[in-house]
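> Dumping what Swiss-Prot says about this protein:
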BINDING   Ser64, Glu70  Ca(2+) binding site
DISULFID  Cys25-Cys36  disulfide bond
DISULFID  Cys53-Cys142  disulfide bond
DISULFID  Cys119-Cys134  disulfide bond
DOMAIN    24-146  domain 'C-type lectin'
SIGNAL    1-23  signal peptide
Amino acid sequence: MGRFIFVSFGLLVVFLSLSGTAADCPSDWSSYEGHCYKPFDEPKTWADAEKFCTQQHKGSHLASFHSSEEADFVVTLTTPSLKTDLVWIGLKNIWNGCYWKWSDGTKLDYKDWREQFECLVSRTVNNEWLSMDCGTTCSFVCKFQA
């Protein structure tokens, strides 16, 4: 009987430690480094995509990237599920080119693009960022902290 209780307790500890990782994201979202991500194949303008993301989950915004590994993770999510290779990301030019800002308010500490327009898309085929007219409609990726 004592062995059964010990094994049961051990399994409970393992289950509880695992439940704190991906279980923090809703079942149809993907987890990476404490954040949840979901691609949407519903072309919208940058502003409409950002608004849509904020309505999906508390704290959700268009995806921000803070490392090449994070950007690569999002590419693995979008490549099989989207019909296009361009997705809106949360970076936008504020104040006529003087200031770039992530829509979730996080610091711009990683960048990979050529500036031309006010909003950015990520090309999922080669993980390249491109500036694009904010009124163009594209698929997008939402992100929130788990």
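Just so you know, glycine gets a Cβ as well, placed from its N, Cα and C.
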> Which residues, sitting 6 or more apart from Cys134 (disulfide bond) on the same chain, put a CB under 8 Å from its CB?
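Set apart from Cys134 (disulfide bond) by at least 6 residues yet with Cβ under 8 Å, we have Thr45, Trp46, Ala47, Lys92, Phe117, Glu118, Cys119.
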> Using a Cβ cut-off under 8 Å and a sequence separation of 6 or more, which residues in the same chain sit near Cys142 (disulfide bond)?
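Long-range Cβ contacts: Tyr37, Lys38, Phe40, Phe52, Cys53, Gln56, His57, Ser60, His61, Leu62, Ala63.
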> Identify, in sequence order, the residues in the chain of Cys25 (disulfide bond) that are 6 or more apart from it along the sequence and have a CB within less than 8 Å of its CB; answer 'none' if there are none.
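Listed in sequence order, they are Ser31, Cys36, Ala146.
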> Can you count helix, strand and coil residues in the domain 'C-type lectin' (24-146) using DSSP?
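Residue counts for the domain 'C-type lectin' (24-146) by secondary structure: 26 helix, 48 strand, 49 coil.
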> Let me know the model's mean pLDDT on the domain 'C-type lectin' (24-146).
88
> Please identify, from the disulfide-bonded residues Cys36, Cys53, Cys119, the residue with the sparsest Cβ neighbourhood, meaning fewest other Cβ atoms within 10 angstroms.
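Among the disulfide-bonded residues Cys36, Cys53, Cys119, the lowest count of other Cβ atoms within 10 Å belongs to Cys36.
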> Tell me which residues of the chain lie with their Cβ under 8 angstroms from that of Ser64 (Ca(2+) binding site), as long as they are six or more apart in sequence?
Ile89, Gly90, Leu91, Trp102, Ser103, Asp104, Thr106, Lys143
> Across all chains shown, how many C-beta atoms besides its own are within 10 angstroms of the C-beta of Glu70 (Ca(2+) binding site)?
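Taking all protein chains shown, Glu70 (Ca(2+) binding site) has 18 Cβ neighbours within 10 Å.
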